[in-house]
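Features as listed in TrEMBL:
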type	residues	note
DOMAIN	1-174	domain 'Glutamine amidotransferase type-2'
BINDING	199, 362, 429, 432	[4Fe-4S] cluster binding site
BINDING	258, 325, 326	Mg(2+) binding site
C-alpha cells in the first residue's frame, strides 16, 4: 500500500522487526514482533535478533513461578525477566534480565522514557547506530539502530558506530536533542566468556554486501574468500607465455547474489596465477523470490530454487563451467543448479564453495538447527558428496583460508581469545564449520 510512505505517525520513537524464525512457530501470528506489554513501570516493547540458548531452562523456571507465556518465541523471556526483576530503576531491571540470558541477542527495548539497544557479550550478531541530520539542522537529529549499515544508506543517515559486545546504550529524547551523548552500560555475562565471537557466517551469507559489520565491509571480505579459494583450488590449465587459449573455454559464474563478489575474486586470482579463465553471468535470479536458505521447510526451498534461477544457455553451452557459491548448507540449490547447467549444455561443471563444509548446527540465530539437515553430514566422504551433487569436482575453502580472509582486515587484529573458533587466535564464531561452540548450549 503506497499510502504507508505518506502516513504520519504519532510519537517520537518506534521499533520494527523483520521476522526470521529460529525458535517458536514460523506461522503463529503471536510470534510476530515487536512484543508489547504493560507492567508496573509502564509500557515495554522489544524486538530481538538472535537465539537464547538457555531458553528451555529459563522457560521452565518461569513457568514454575506461575508465569503465563503468550508465545512460543524465546524473545518473550526478556519481557518476563524485566517485569519480575527486583531492581528499582528501569536500566537496572533490564541489565538484571540480560545477565540471565545465554546465547546470541541484539535487543531493542522501547519504554515510555528510553530506547535501549543491547548486544550480547559474545557479540554474535551485528547492531549499529546511525544518525540522520544534525543537532543544528531544523528538526534536529534523528538517531536510529539497525542490524546492518545498508539500512542507513536508504534514508541517507550516517553510520556512527557499532554497539559493542556486552554493551547496552540508553537513548532518550533529551540525549538525542543534545548531541547524542548516550549513557552506556556493561552487561554482566551469566558465564565468563572465552572471547568475543562475532558470527563468521554473517560475512559468508547472511549480511548484505553493501553493509559494514564487525569493522569490515562485507563485500571486501567476500572478495578475499574468493581469492583464497582460487589459491587453494583453481580450475583450468596454466598457460605458457604466448600459448593460445585451450578449447573448450573455462568460465567462472556466481550463484547469485551472495556469492557474486567471491566468484569475481576467484576469477581474478586464477588469472593472476596464470590460468586461462574468464567470468560469465550464467545464472539469472528472479528477485521476486526470497532467499532459499531462509525458507521455513524443505519443500518450500526446492520450489523456490526452480522459481528463482534460470541458466543463460549461450554462456555455458560447450564450455567448462566453474560455479562459485558462498556455502552449502542443505544442498538444495547446489544440486538443482548443477543439473540445470548440464541441461543447458555445459561440458563440465566444477563446484567451488567460498567457505568450509557446514558440519555443525547453529544455536546462535541461524536456521540450521540439526546435524541431519546438513548435507556434508549425510555422506562419509567428499567423493560421495560430489557424486550426489553430480559435479565434476567439488572443493571447499579451508577453515584456515576462510579465517585468513576474514581476519586480514579486522581492525581488532587476530584477537586474544583462547578458544579455537576456527584456529587458535580467531576472534570469531565458526562453530558451524568447526564444531567448537563458544557459548554452552543447554
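One-based numbering along the chain as shown.
In case you wondered, yes, glycine gets a Cβ from its N, Cα and C as well.
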Check: Roughly how many angstrom lie between the C-alpha atoms of residue 199 ([4Fe-4S] cluster binding site) and residue 325 (Mg(2+) binding site)?
Finding: 19
Next item on the list: Could you check the binding-site residues 325, 326 and say which one's CB has the most other CB atoms within 10 Å?
Entry: 326
Margin query: Around the C-beta of residue 429 ([4Fe-4S] cluster binding site), how many further C-beta atoms are within 10 angstroms, looking at every protein chain?
Written below: 29
Notebook entry, point to check: Of the binding-site residues listed here (362, 429, 432), which is spatially closest to residue 326 (Mg(2+) binding site) when Cα positions are compared?
Noted result: 432
Notebook entry, point to check: Given the recorded [4Fe-4S] cluster site (199, 362, 429, 432), which additional residues of the same chain have their Cβ within 8 Å of the Cβ centre, ordered by sequence?
Noted result: 124, 200, 201, 364, 365, 366, 430, 431
Note to self: Cβ within 8 Å of the Mg(2+) site centroid (258, 325, 326 excluded): which residues?
What the structure shows: 204, 205, 254, 255, 259, 262, 324, 327, 354, 355
Next item on the list: Pick the one among the binding-site residues 199, 362, 432 whose Cβ has the fewest other Cβ atoms within 10 Å in this structure.
Entry: 362
Checklist line | Reported mean pLDDT - the domain 'Glutamine amidotransferase type-2' (1-174) | finding: 92
Next item on the list: Sort residue 325 (Mg(2+) binding site) into helix, strand or coil using the DSSP assignment.
Entry: strand
Next item on the list: Rounded to the nearest Å, what's the C-alpha distance separating residue 362 ([4Fe-4S] cluster binding site) and residue 325 (Mg(2+) binding site)? Just drop the number here, would you?
Entry: 20
Item checked: Whole-number Å value for how far residue 258 (Mg(2+) binding site) lies from residue 429 ([4Fe-4S] cluster binding site) (Cα to Cα) -> 20
Margin query: Tell me the coarse DSSP state (helix, strand, coil) of residue 258 (Mg(2+) binding site).
Written below: coil
